[in-house]
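Asker: Following this message is one structure expressed as C-alpha cells.
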Amino acid sequence: MSGNTFGNLFAVTNFGESHGPAIGCVIDGCPPGMALSEADIQGDLDRRRPGTSRHVTQRNEPDAVEILSGVYEGKTTGTPICLLIKNTDQRSKDYGNILDTFRPGHADYTYLHKYGLRDPRGGGRSSARLTAPMVAAGAVAKKWLFEKYGTTFRGCMAQIGEAMIPFESWEHVANNPFFAPVADVSNLENYMDALRKAGDSCGARIRVVASGVPVGLGEPLFDKLDADIAFAMMGINAVKGVEIGAGFASVTQRGTTHGDSLSPEGFMSNNAGGVLGGISTGQDLEVSIAIKPTSSIITPRQSIDTAGNPAEVVTKGRHDPCVGIRATPIAEAMLALVVMEHALRQRAQCGDVKVSTPDIMRSRG
C-alpha cells in the first residue's frame, strides 16, 4: 500500500489499523533543538479521542502517546520522531456480521477490489482512528510554528446536520462537546439525541483558522498553499468538500466585492482566505470542510455480499452519529502540517530574500 506519507520536508508516515495492537506515525524533518515531550502532544489527542461524551463513539481509548525516538534529554534531535498510540478497547466481534457483506458508504467494496482482501474490524486501515497519529504529528508542527512565527491554529463546528451554528466566541469552543463557538448547545444536544434515537447520522461543516502565518508560503504552480490545504483536508476521513476563504460563495460575488483591497493598515477583507496566487498573504488562513454523515448506522440498508447476492446490512458496534464532532482537532492538525511543510520550504529556498515593501499584516501589530 502506498500513500501513507504526507509531506516532503516535514514528512509524516502513518501506520497501524483500527483494531491492531497500536497506531502511530514517524515524523521525518522536524528541526533539532525544540523542547518536546508527550505532554506537548497529549492535549490535542485528548480533544480528538473517543468516548468523551454521549454524542460520539463510546469506544474508550485513552490515546496516550509515547515518543519512541527523535528526542534526547527533552529536545528534538533532528532524527525521525516515532509516536506510538496503543489500541486498548478493540471489540472486533461487533463486525462478525459483515465479514462477507459490503457496508454502504464504507470502503469495504473498494478495498476488496483493490487489494483482494480487507480487514473488516473497524474498517482496518480505512478507519478514522488513523487520524489520531496525524493529530499527534500536527501538535509537533503547531509547537514549532508557534515558537518560530507565533502561528496559532483554531477550529470550530459551523454546522451540524441542518443546524447552523452562529459564531459567538472562540472561548466557547472548549466548553462543549461539539466544538461549537456558542454558549448554549442545548439545541445541538437535542438534535443529536433525536438522531441517535432514529438510528441515523448526519454530516457537519468545520471551520479552521491559522493566524500569524508568514507572508510568502506556497510554491506555484502545482504546490500552491491552498492546493496543498485542499489536498490535506480531502485526506481526512469522510470529507467531501473544501472551501478556502469565500469558497463557493465566490460564484455570486462580483469583482468589486471579492477582491481584497489593500491599505497601509492591512487588507480590508479576506475573501481570498489568506492566499493569493497560491502564496500566503499573512492574513488568517480560512478553511472550511464538509463532512458526510456517518456511514455506520443501525438502520437496515440494502447491499450485496462478496458473491454478488443481495444482502441487508445492519451495522453494529460503537460509532459516531456525527464524525464531524471530533473532526475539529483533526482539521487543525492537517492545516498545521501543510503550513509546517511550506515554512520549511520557504526557509530552505527563499530564506535570504529581502523586499523593501512592508509586510502590512505584520506592521499592524
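A Cβ is built for glycine as well, from the same backbone N, Cα and C atoms used for every other residue.
Reproduced below are the annotations present in Swiss-Prot:
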type	residues	note
BINDING	R48, R54	NADP(+) binding site
BINDING	R125, S126, S127, N237, A238, G277, K292, P293, T294, S295, S296, R318	FMN binding site
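I would like each feature placed in context: is it buried or exposed, what are its neighbours, and how far apart are things?
Answerer: Around R48 (NADP(+) binding site), the C-beta neighbours below 8 angstroms that are at least 6 residues distant in the chain are D63, T131, A132, V135, R326, P329, I330.
Remark: A238 (FMN binding site) has A128, G203, I291, K292, T294, V323, G324, A327 as non-local neighbours, by Cβ distance under 8 Å and separation of at least 6 in sequence.
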Asker: Just name the winner among R54, R125, K292 (the binding-site residues) by count of other CB atoms within 10 A of its CB.
Answerer: R125
Asker: Which three-state DSSP class does R48 (NADP(+) binding site) fall into?
Answerer: helix
Asker: Would you mind reading off the Cα separation of R125 (FMN binding site) from R54 (NADP(+) binding site), to the nearest angstrom?
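Answerer: Cα to Cα, R125 (FMN binding site) and R54 (NADP(+) binding site) are separated by 25 Å.
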